[in-house]
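Visitor: Sharing a structure, written as structure tokens. Questions coming.
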Amino acid sequence: MSGKVKMLSLREQIMFTRNLGALLSAGIDLDAALRRLSSLLPKQSEKLAEMATQIASGRYLSQTCAGLLPEEIIAAIVVGEQSGKMAPVMFEIRDTLIMKERMRKTAKSLLKPAMMFLAGIIIFIGFVVAVIPTLAETSSKLQPRGRPIERGALMEFMVALSDLFRTSGPYMLALLVVLVGAVIFYARTPQGRMGVYSVVLRIPFLGDAIKNISFALWARYLALMWRAGYSDMPKAIGITVKSVPEVFREGIERYQADLNLGKGLGAACDPSRLDPSDPRCQWPIFLQVALQISEQTMETDDQLTTASNYLLEDAEATVNAMVEFSKMAVLVLVASSAALPIVAYLFEVVTMVGNTLSSSMR
């Protein structure tokens, strides 16, 4: 097959592992199963046919799917091949990927209030640019002739803001586009991602939710490797560390180094045995406790899976609460922004009527 292999999307990875596991459970040979998957993944039909041919000639699945699946998934497939439990391993991989998809949906739900906030800003600017000049002109016509135009402080502010948007709006928009583009470009670099994560992690509640989501996925991958029969935990950590944002990797690498020195799973992340500045002290408590229990019980996969579920549930509860609060806050902001020009005009009319009545009574 010519050209670079394109990695399957997360949804396609779920379809691939779920259906391949089902076909293998039904007793269908691996090469034939891959050919049947072509109808479900038509964009990868050529690659799947090539994989089937290579497997029929004696190669392993893990050797043929490089570039198609993430490294940690391929490592789990290797374990399945070595243990002869390919179908169960495929189902474990499917469950892990489904959890990853669930995490992404949880994180993306935070975009809704952000989009609502952006819509509110656009509505406010539209009112200020299009409506305020008309209202200001109308209020000016209602004032007694021969007198200098007097405006209230609120209307004066809105008129000045409207003039600013009308005269400098294009330049401000261009500057905003440049700044957003620069931030996006910077965030795509390794150093930029570290910086963005470092800032976001300091945000109350949101930082904890992101940390829990990240470690929940890592714990799930470790559980997958262990359940598949991969008993070399330090090496498993080295494989799965890529599933975690870079800002958390230093602590994981220190954890791996301590395991290589002979420390237990729990002792290597016990905050009471670590320097307070060690990143492992900031690991989620669910994960620390799970590793400490697994060191005593040797139920590593069950403890990691349980910790992963708890972390995700906790993150989902936090994110859902933040989304609901953000929706209310944004709705209030949008309503206030839309009403502000009207309030300014009404205040202007009331002030004008009051001044007229005062003048007539003199």
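Numbering starts at 1 and runs along the chain as it is shown here.
Including glycine, each Cβ sits where the backbone N, Cα and C put it.
TrEMBL does not curate its annotations; it predicts them automatically.
Pulled from TrEMBL, these are the listed features:
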DOMAIN    16-133  domain 'Type II secretion system protein GspF'
TRANSMEM  110-132  transmembrane segment
TRANSMEM  168-187  transmembrane segment
DOMAIN    218-346  domain 'Type II secretion system protein GspF'
TRANSMEM  328-347  transmembrane segment
Visitor: The transmembrane segment (110-132): which same-chain residues, six or more beyond its ends, come within Cβ distance under 8 Å?
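Guide: Distant Cβ neighbours of the transmembrane segment (110-132) are 158-159, 161-162, 165-166, 169, 206, 319, 322-323, 326-327, 329-331, 333-334, 337-338, 340-341, 344.
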Visitor: Which residues, given as numbers and ranges, are at least 6 beyond the ends of the transmembrane segment (168-187) yet have a Cβ under 8 Å from it?
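Guide: Hits for the transmembrane segment (168-187): 125, 129, 193, 195-196.
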Visitor: Which sequence positions outside the transmembrane segment (328-347), separated from its termini by at least 6 residues, show Cβ-Cβ distances below 8 Å to it?
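Guide: Hits for the transmembrane segment (328-347): 113, 116-117, 119-121, 123-124, 127-128, 131-132, 135, 138-139, 152, 154-155, 157-158.
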Visitor: Counting by DSSP, what is the helix, strand and coil composition of the domain 'Type II secretion system protein GspF' (16-133)?
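Guide: Counts, helix then strand then coil: 97 helix, 2 strand, 19 coil.
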